[in-house]
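Enquirer: Shown below is the structure under consideration.
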């Protein structure tokens with residue numbers, strides 16, 4: 001995610017070179033950027049029993065005065081509604097909290113894996129790397145589904161623990177927040193391990209050797225050398241887990257319970273069950289604003305890293 | 001400094017990889033379970049696979065999903081490769097930062113937002129929803145992944161070869177197809193595969209943008225999973241996991257061989273130093 005444009009000259013362009021820019025640019029403007037304006041507009045509309053289920057719909061064929069009348073009908077009522085009904089802000093808070101806790105747990109589990117990979121013999125590393133990437137290619141839905149059979153009351157985990165005599169009665173894990181944590185950690189682990197491994201592998205071993213020669217105990221060398229130098233990888237990995245986890249839908253829906261509030265699920269229910277398009281649009285706008293800050297921070301950090309490498 | 005793996009490193013790798021693979025392995029094992037009770041082993045059987053091929057709805061959904069994935073991955077690869085060329089080669093132009101922003105934002109954007117916004121666009125355009133709208137939606141987010149993959153390939157490539165061709169009077173389009181494309185081809189293939197699997201896998205965006213007659217396999221799986229775990233679904237998942245695993249391993253072997261071949265070619269071309 002580097003921006004190298006400043007170093008580049010402004011070339012003279014042929015028609016073909018302009019076409020090269022125009023085609024993907026136009027596609028993204030129409031199918032990525034324009035939809036956000038529509039979402040924003042509909043978030044200012046009202047729910048209606050009609051097709052599509054909101055008013056006003058802008059029909060330019062009705063002329064300018066009708067357009068102006070429609071414009072006057074837009075209001076911020078949906079946003080006021082979001083602050084009044086505590087379901088929404090509780091969903092936002094709980095999404096951020098669940099994503100935060102899961103990111104921390106992913107880091108706890110991912111750091112030793114990335115560290116072990118970076119310290120493994122060189123000829124193992126491509127295989128280990130592929131083993132980390134492979135689950136990323138297999139279906140997200142399937143990987144989440146696989147946990148249902150393990151975590152449910154009569155599931156494999158409870159069967160194992162009961163037969164070992166570790167527990168007297170089955171643990172209730174499925175349909176609780178614990179299951180959501182497990183699901184997020186499991187699904188997003190590769191996203192954290194990959195950047196972390198990249199920065200741990202680059203680490204200069206001679207620094208650790210120097211510390212050891214000077215009598216520094218290994219745990220101290222780890223905290224004072226390895227951890228600070230791997231920090232860019234830690235930050236990149238945590239963003240890659242945290243940002244998508246906040247808006248996650250499949251995991252809380254399949255593994256979470258009725259009291260698991262996450263904003264992605266709230267938006268889904270608002271749209272598909274309540275068919276309230278204006279309110280779900282308003283939820284989406286707020287979620288987007290909430291995520292703009294971490295996304296921008298992430299982009300800046302990536303850019304800084306790219307500049308340092310260059 | 002000790003070299004080689006310590007017990008701590010080996011333990012964390014073994015535990016970490018077991019955590020990653022055990023659930024999938026269990027799912028595969030239980031797809032061969034004779035018993036309908038998914039978590040009680042009742043003997044080996046392949047009957048659930050046989051039943052899959054009787055389930056017309058499931059087969060239809062699989063066919064729709066493959067068509068969407070193939071088309072959207074192909075278009076996304078063309079658009080994404082163009083976008084990568086623009087990012088790496090086009091220098092400055094008006095709106096460049098907006099362009100790169102639009103490439104990177106979909107990578108981290110929650111799927112519910114992408115799905116909802118595209119649906120509202122299609123409604124505003126008065127477009128009937130179905131196969132084509134899902135295809136366009138998948139193309140849009142997949143092209144960004146393709147752009148990132150191809151871009152990383154373009155960055156580490158020796159531009160002087162292209163410049164030499166142009167100095168010798170080769171037109172830009174011919175330079176692209178004869179020199180640039182063969183060099184970045186592994187990246188383009190990797191991009192296509194990524195786009196294909198992303199489309200194959202997507203539930204959320206497809207649910208928002210689909211219409212009657214275009215139910216995809218993930219949507220079908222999802223609606224059944226909500227009712228509980230069944231051996232048929234285990235069997236479908238096993239087939240999907242198997243296909244993807246074979247694909248990824250085959251692709252990595254091919255790229256590895258191409259890399260060895262290219263290194264040999266380069267040694268021959270530049271001679272011993």
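Using N, Cα and C of the backbone, Cβ positions are placed for all residues, glycine too.
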Enquirer: Given A:127-148, A:149-170, which one carries TrEMBL's transmembrane segment label?
Expert: A:127-148
Enquirer: Name the residue range among A:221-246, A:247-272 that TrEMBL annotates as transmembrane segment.
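Expert: TrEMBL lists transmembrane segment for residues A:221-246.
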Enquirer: Rank A:15-38, A:92-115, A:179-200, A:221-246 by Cβ pairs under 8 Å to the transmembrane segment (A:127-148) and hand me the top one.
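Expert: The stretch with the most contacts is A:179-200.
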Enquirer: Under 8 Å for C-beta pairs, could you tell me which stretch among A:15-38, A:179-200, A:221-246, A:277-298 has the largest tally with the transmembrane segment (A:92-115)?
Expert: A:179-200
